[in-house]
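These come from TrEMBL:
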type	residues	note
DOMAIN	6-307	domain 'Hcy-binding'
BINDING	210, 292, 293	Zn(2+) binding site
């Protein structure tokens, strides 16, 4: 950590608002640097300029945390489903830390190293084997001296506990973030109980990320907060949701939506939706506020602008954005100039422009999770027989829905 920079816990203890960044895998997939399906971050090695630029855009938008692009950067995930592993997990993680540190040093930002759920856990590998995967990533984070650690995107609290137990051995602050909603994890453990277990495992910051829209995620973190307080424990809270509306999702979240992952654009939240989210999260007592899949820098800028008074600063990117559309006062068309006011954008109900589309979808709820044969992972590419089985299961799921 650069001299003079306050650490993550020091900032949160002082009541400061810490703003995270956005969802790198989705953003870089759209830019042509990440492959959908594996969602692995080899781009840190193959296209470092793309990763660096995205970090820089989030920093300019107001992010206080440069989260190293280490999502799914464990060797078992890099080798999953027939991928050719020409770049090791160590190489990916080291490059990710270097890029995050380079950009963080350009502003008042911290570097976070992150681990997430593993194919090994889904395949019912032992606690020792799964922890060994986390230890391998942690060795890189220790070598690169990241500022704090995040165990994120866990569907099962048990695996998240294992991750936290490994990460806390570093002596660095640990945050733990589950990809769950108000219904709890995939084995039915409630958000409150999940949070208690994570705090007892050693997490100082707990919350949720991904899988659900902002208001759903805030609701889940509120339940976590209630559980922690009821247990007589203390923690800080974080939330990094999707930038997609998901009112029709079940407990599995947006990956069950038929639009996932290539037709989600009609669900994207506007920058004005982000203002509401930031305020809701802040008033719920959540001080680490960021985003996940679907978030672009302008979304984070909206979060930073909404909380500018509380933070005491506007993001650099606001130089090119008038608050509540004020820049439209200079537009050539008078009816567009008339939109240069908060009242207009705060109460607008955006149209989709799709006359024949339904407003909601029917999620494909297969009802399987860790321990089910359909989720056993392997290194070989999906066979024709396996694909036929998947299509048959999909057909049955749709008919039952």
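Keep in mind that glycine also has a Cβ here, set from the backbone N, Cα and C atoms.
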For residue 293 (Zn(2+) binding site), just count the other CB atoms lying within 10 A of its CB, please. 27
Take the domain 'Hcy-binding' (6-307) and average the pLDDT across it for me. 96
Not counting 210, 292, 293, residues with a CB within 8 A of the CB centroid of the Zn(2+) site are 23, 26, 153, 179, 209, 211, 240, 241, 242, 291, 294, 295
